[in-house]
């Protein structure tokens, strides 16, 4: 059997299993203290499951999933669909650090709209010269700066999805270390190419992508994962940034630096798990 994913909402996990049953794919739900794990019986069906899982994660409340439960008869189980609350879902799948960073980014973004980008960057941007090196918050605070609504929405969506599961499964301390280290190195990498005029959480997000994906591949028992299709999309997005296909100003060096840091940290943290499975 292959572990597919861990989901904090047991009812939604069962809905996905029921839906895949209509596609003639046998999955098994294993409840745990933080929700449920979904396991696949036939390894050869993994690519199909990963593809469907990507669609499910984008829209887990789509009526087709509940309809599948009706079709399978599993609505008679003690797993009722509760009234959906975005706030409840947001909180249930994120720890205190995940939520705190989201609130901080939103507060800083609002402040930037009020007083202007320049005023906020003068306090929070990457150190301009050695006179600012001792203002140690600058080595990390640049990650909380966002310059458009699309910029902050995209980053916070990924942050919530990746940091949330990491904090829930591996603890706040592990997430804090990765956040600080990746913010430091991604900021340093970007400063070599663009000076200090940059900001955003994307370097940290790419570190999370690398960490969560590789940890899921090498140590699935730790309960965090990123589907390979989403990881491939993220890499393609990174490559597109270098060729300016999308016409956006993208901090490519921060993305690459963050991704490398995340992969290296995951490789180190899973070195013993990899040896055990060999």
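Each residue, glycine too, has its Cβ placed from N, Cα and C.
Note on residue 202 (active site, nucleophile): other Cβ atoms within 10 Å of its Cβ, all shown chains, come to 27. Taken from Swiss-Prot, the feature active site, nucleophile applies to 202, supported by sequence analysis.
Every protein chain considered, the tally of other Cβ atoms within 10 Å of the Cβ of residue 255 (active site) stands at 27. Taken from Swiss-Prot, the feature active site covers 255, and the record attributes it to sequence analysis.
Nonlocal intrachain contacts for the transmembrane segment (95-115), taken as residues 6+ away from its ends with a CB within less than 8 angstroms of a stretch CB, comprise 124, 144-147, 152, 155-156, 159-160, 163-164, 167-168, 172, 175-176, 179, 201. Per Swiss-Prot, transmembrane segment is recorded for 95-115 (among others).
Marked as transmembrane segment by Swiss-Prot: 143-163 (among others).
Taken from Swiss-Prot, the feature transmembrane segment covers 170-190 (among others).
Annotation source Swiss-Prot lists transmembrane segment at 192-212 (among others), citing sequence analysis. Among residues of the same chain six or more beyond the transmembrane segment (192-212), those with a C-beta under 8 A of the stretch's C-beta atoms are 101, 105, 121, 124-128, 142-147, 151, 154-156, 158-159, 162-163, 165-166, 178-179, 181-183, 185-186, 224-226, 231, 234, 238, 251-263, 265-266.
Annotation source Swiss-Prot lists transmembrane segment at 224-241 (among others), citing sequence analysis.
What Swiss-Prot records for 245-267 (among others) is transmembrane segment, and it gives sequence analysis as the kind of evidence.
Residues 3-6, 50-51, 53-54, 57, 162, 165-166, 169-170, 206, 209, 212-213, 215-216, 248, 250, 252, 255-256, 259 of the same chain, all 6+ positions outside the transmembrane segment (224-241), place their C-beta atoms under 8 angstroms from a C-beta of that stretch. If you look at the transmembrane segment (170-190), the same-chain residues 6 or more away from its ends with a CB under 8 A from one of its CBs are 95-98, 101, 126, 139-140, 142-143, 163, 198, 203-204, 206-208, 211, 222, 224, 251, 253-258, 261-262, 265.
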